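If you look up TrEMBL, you'll see A:16-37, A:58-81, A:87-108, A:129-147, A:167-185, A:197-215, A:256-280, A:292-315, A:342-371, A:392-410, A:451-470, A:502-519 (among others) marked as transmembrane segment.
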Amino acid sequence: MNAFVVPAATNVGSPALNITIFGIFVAVTLVIVIRASRRNVSAADYYAGGRAFSGRQNGIAIAGDYLSAASFLGIAGAIALTGYDGFLYSIGFLVAWLVALLLVAELLRNTGRFTMADVLSFRLRQRPVRTAAAISTLVVSFFYLLAQMAGAGGLVSLLLGLDGDTAQNIVIALVGVIMITYVLIGGMKGTTYVQIVKASLLIAGSIVMTVWVLAKFGFSLSNVMGAAVDNSPKAGEKLLGPGLKYGTSNLTKIDFISLSLALVLGTAGLPHVLMRFYTVPSSKEARKSVEWAIWLIGLFYLLSLVMGYGAAALVGPGKILSAPGKANSAAPLLAFELGGEILLGLISAIAFATILAVVAGLTITASASFAHDIYAQVIKRGQVNADAEVRVARMTALVIGAVAILGGIFAKNQNIAFLVALAFAVAASANLPTILYSLFWKRFNTRGALWSLYGGLISVITLIVFSPVVSGKAPLVEGGPSPSMITDPSVDFSWFPLDNPGIISIPLSFFLGWLGTVTSSEKANEVKFAEMEVRSLTGHGAEKAVAH
Amino acid sequence: MSNEAREHTGTEYEELQRTEEFGELRRRFRRFVFPMTALFLAWYFLYVLLAAYAPDFMSQKVWGEINVGLLFGLGQFVSTFVITVLYVRWADREFDPRAQALHDRLEGGRP
């Protein structure tokens, strides 16, 4: 709770202006969503936007989905405070897209309809595999959602000048309600337009800030970095090389490698990213989506390098750390330093828009997975009409929205980076091995899929619960609170030494997928495998765009 | 939900899967994406390991405040962009026409 004892003087900008700009964003996007929803009739409309988006539109929307608050505020802040080690995050997040481009996007688009489970259960036993894949989807989406909602709460104190508990809770609830409205009215089509608007604003805002920072330093990155060093008395020269955060011991180095592994393998297993590939009419457009996404996300991370060092140079680590949002406030504080109230208002509104859009994307993914996989296929065994299925999806979205609001209120003082890392670790451990095996390994069977999915899921959660992330980190100051989730330093049940479980759980899940397959007597279904392989490569029988 | 002209049975997929042309398509696809994946993962982990275990090398200044580590990091951006462009060009020229021909063959009836 120490975030709230800082003097009010660190609240910068004009809350009224911030709220106004944000209100305009919400109003404009709502109009777009309502217009987009006029033709929201079929399941393909609700889940996949009628599969009518172009590769470029979907690529921008993917960038909107992917560049979450953790990317925008988190990475700029991490670079401002830990320099080069913050930059490492963005590289893992970017390179990961090559896994999606080369191995997953097109094949998945050709074989599935709405969800990740469609592909995983294609040639295996439907009900157990679908259930496992849906559970994994819900878990990943839930942790990701919680991180975004918690981030929303944390930001409020800085951006809107509200620092009471109740005020923060009200803002979290408001974000949740707006998001539910988007999803219920707009479905995937509306959500996609929100992502496109948001991604465009985010990248435009970042370009403005980057050019502004560079202009102050004679358009030389070297000068920006030099000024960042001069303004960081504690870190000094170390800001520019690796090791400030992860180089302190052998254990932290292994932790860093483990994180890198989860980042690079997690993206292609994130259900809300995978689902976006169904919103385009063909695998060629899916390829184009990823191409656009890579350009935009790469550009954004290059910009965030300048913004991060710029924040260190112009704002300084002391001021960033004493602001209510700590590292997350680096980018907004830089905006205030550069362009005063108005730029701060714009950047704050973009940050809120970011959270809103990502939360909407996650909600539609989770609701689709529940309605399409669990309700329609597992409970009703496919004997359900599309209208009923979409009705269930809408009701699920309401429930998820309510859970997200409650979870966000509960988790608002939690460490959000850990929640995102957890989502990536589950995606890389549980989802990716199963996706790759089912696309490329003929022998792969039901037991292999279940062992790999559940094994990955259970090992990640177990290792995190018993890691220093949850309990047992030594307090930063003598007698102070522990930086673990459980802040009481006397509670310590951790036995796993790493913050990031990927280095254990990812190989384990690949191994379990292999072991389950070879110990099972179930033969690969030759006919289904032939169908899956031919369809995945030729695009034959792939779901087409909805004609209106 | 199928918009195809007629229903396709599993055996037709099996027949196509056994053809020389399909084998060729699969071979070409795997020969491109698997080595490329191995390459970028190796390059990425080389970078990660250098950052973890050779911080002094990475901190060497090249000019001004620009050091080896930053150049390596920017190199990851460049390699990602280059592989993306290479793959898209390869897929448009080499892969798509072959895949489309097989797709049409299924549409047109017997292989």
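Cβ coordinates are placed from backbone N, Cα and C, and glycine is handled just like the others.
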Please determine whether the transmembrane segment (A:197-215) and the transmembrane segment (A:292-315) are in contact (criterion: at least three Cβ-Cβ distances under 8 Å, sequence separation 6 or more).
yes
Are the transmembrane segment (A:16-37) and the transmembrane segment (A:167-185) close enough to be called in contact, which here means at least 3 C-beta pairs under 8 A that are separated by 6 or more residues?
yes
Which bits of the chain, at least 6 residues beyond where the transmembrane segment (A:392-410) starts or stops, bring a Cβ under 8 A of a Cβ in it?
46-47, 142, 145-146, 148-150, 152-153, 169, 172-173, 175-177, 179-180, 183-184, 359, 363-364, 366-368, 370-372, 375-376
Considering only Cβ pairs under 8 Å, which range in A:129-147, A:256-280, A:502-519 makes the most contacts with the transmembrane segment (A:87-108)?
A:256-280
What residues elsewhere in the chain lie close to the transmembrane segment (A:502-519), defined as a C-beta under 8 angstroms and at least 6 residues from its ends?
254, 257-259, 261-262, 265, 424-425, 428-430, 432-434, 437, 441, 443-445, 447-453, 455-456, 459-460, 463
Who are the long-range neighbours of the transmembrane segment (A:256-280) in its own chain, taking Cβ under 8 Å and residues 6 or more past its ends?
47-49, 51-55, 58, 61-62, 65-66, 85, 88-89, 92-93, 95-97, 99-100, 103-105, 108-109, 112-116, 136-137, 140-141, 144, 188, 192, 246, 286, 288-289, 361-362, 364-366, 368-369, 421, 423-425, 427-432, 435, 498-504, 506, 543
Best-packed against the transmembrane segment (A:58-81), counting Cβ pairs under 8 Å over A:129-147, A:292-315, A:342-371, is stretch A:292-315
